[in-house]
Amino acid sequence: MQVSSLNEVKIYSLSAGRSLPEWLSDRKKRALQKKDVDIRRRIELIQDFEMPTVSTKIKVSRDGQYIMAVGTYKPRVRCFDTYQLSQKFERCLDSEVVTFEILSDDYSKIVFLQCGRFVEFHSQHGHYYRTRIPKFGRDFSYHYPSCDLYFVGASSEVYRLNLEQGRFLNSLQTEASESNVCDINPVHFLFAMGTAEGKVECWDPRTRNRVGLLDCALSSVTAGTEIEGLPSISALKFDGALNMAVGTSTGQVLLYDLRSSNPLIVKDHHYGLPIKSIQFQHQLDLIISADSRIIKMWNKDTGKIFTSMEPEHDINDVCLYPNSGMLMTANEAPKMNIYYIPVLGPAPKWCSFLDNLTEELEENPESTVYDDYKFVTRKDLENLGLAHLIGSSLLRAYMHGFFMDIRLYHKAKMMANPFAYEEYRREKIRQKIEETRAQRVQLKKLPKVNKELALKLIEEEGEEQQISKKRKQKNLPSLLKDDRFKVMFENPDFQVDEQSEEFRLLNPLVSKISEKRKRKLKILEELEAQGQEEEEEPEGKASDAESSESSDDEKGWVEEVRKQRKLLRQEEKLKRQERLKEDQQTLLKPQFFEIKEGEEFRSFKDSAKKQKLMKKTLEDRLKLEEKLGTLNVSDTTVGSKQATFKLKKSEQQRKQQEAEKQHRQERKSLRRSASHLKSRRGRGRLFH
């Protein structure tokens, strides 16, 4: 249990501490409670008082015995029995619940307004009936004398469903485009609804006519409030016969007397968040208003803050247990918070032990901070050389360490580290130097690549932030922090070459654009100072003067581009002259080349002839090849032409062919001589 105090009002958080998972068995839960001190000391007022993910609405039945809450996920309703301090039942639903109402004294009659335009009725045994309304609903109220349900939502009509006849009645036609909340006065049953235009319309259910109209949006704007848009009504609650509290979407709470159109008091939460819930505490004349961040309790006569609470998670709904000091909240978290404030009233009869517990805590306050003692851990004792004192009267065990006398601690530290004062003095001097450095102008670190571009982007971001602050717009993301352009300031390959022709020609345009931007910013600042609109022209300057300025800017830009082009031409001429000088200074030395074997060097004219031949057309080359005899073109019988090419032979191939020809001739002559000798020998044998 956590205890906090604001304005000397003690608030006990009964749901503080770790919660055990649902899937743990009772045996494991008991084992954890024995081992863990925090789990053993926590107070579980109602067993499993939580939702799986988020709780959206929470209400108490009129008899005070049952607490009902709805949440997700999956959409469900849970009913807790306060007499048994545990959950009574749980029912899952088809769609999420926008709001619900307990019609009976106990849980036997419940109406749920769901997201998909569904209205679902539950009885004691479970689901009873389901119907739909024409438009999406946002809130509803029950009129007890006529048994009518009034539904408001994304429509100008207020739908009426009679539960006695079981049918829809004629709807109420309003002037609003949409309605957010509604409520019925418990005394004279006046029906009031809050619209999206910031108005409250009051209707008489007996005559079905509008009897009053309040413009709360205009009344909520005071001298100290800053409002970005039109406030709409987000909360509405009656108190008695004459008082009504209205909450706006910009964080203001207005308290009205129904006999006057002006609010009695306007209370601002200063967070700019919509008011989620408004409750009245009659014992101390307090109003409990809550947005998603804070719960404020303030006096309804003076507006003075009584106390406030800021839970860890966002608030969805607040429920004050009747005639007690207990407060319950539905949060954007599984656990639903329970607070007990003894100043508001006693504890409910089903948890009367809370009064005794808080009285004991107040009578026997546990002092956990000692002015004359120093808290040290076991490691600190070892560093000081005092580990042998553990178990003696000089050390008092507490949590994960020990309390020891502050004088003994200082003596031991001086003996262990005699130069501690010098270290302390150096640390103080260093802190003073850092404080003086912080007052200087802080230079932002620029990236290694494209430093000038990064500096330009930083300056432009500063200008855009100033404009967005004045106009109350959101700042655009920075290019320097964007991962998509991160490489441009890290990789040297993306370095902008300022000496390139493209950059030099575009640079005058970029500079002119930046000058125009600065001039435009000055004009806008002058207009805002004079209280004029942006479309109006500044005094003393006509539109002709602006057009002449723009034409002068264009002329100046053209002249600068021409200058850059002239400079580029001059640089090119200088480069050519330098190349010519270098060519003239270089001395050409003769070089010798070796010709491959079998090749004959003719002249350098062959290459020139080949180049000329390649420049000629295909027809001219074919004619030339015909003259040389390497090409033969003949007509065929079909009518087409046939071309036969003869490849030119190199000198080595020609010599080889001549050698082969000579070799063949020598072999022929040898064969002839051999055959001649054989024929002569045969003739000689015949003669013998």
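Backbone N, Cα and C define each Cβ position, glycine as well.
A quick note: this is a predicted structure, and the numbers were derived from the prediction, not measured.
Listed in TrEMBL for this protein:
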- 528-538: compositional bias 'Acidic residues' (COMPBIAS)
- 631-643: compositional bias 'Polar residues' (COMPBIAS)
- 648-663: compositional bias 'Basic and acidic residues' (COMPBIAS)
- 664-688: compositional bias 'Basic residues' (COMPBIAS)
- 1-364: domain 'Nucleolar protein 10-like N-terminal' (DOMAIN)
- 369-417: domain 'Nucleolar protein 10-like second' (DOMAIN)
- 482-508: domain 'NUC153' (DOMAIN)
- 528-557: region 'Disordered' (REGION)
- 631-688: region 'Disordered' (REGION)
Mean predicted confidence [pLDDT] for the domain 'Nucleolar protein 10-like N-terminal' (1-364): 88
Residues from the same chain, set at least six apart from the ends of the domain 'NUC153' (482-508), whose C-beta lies under 8 A from its own: 447-450, 452-454, 557, 560-561, 564-565, 567-568
Counts of helix, strand and coil residues, the domain 'NUC153' (482-508), according to DSSP: 17 helix, 0 strand, 10 coil
DSSP-derived helix, strand and coil totals, residue by residue, for the domain 'Nucleolar protein 10-like second' (369-417): 21 helix, 14 strand, 14 coil
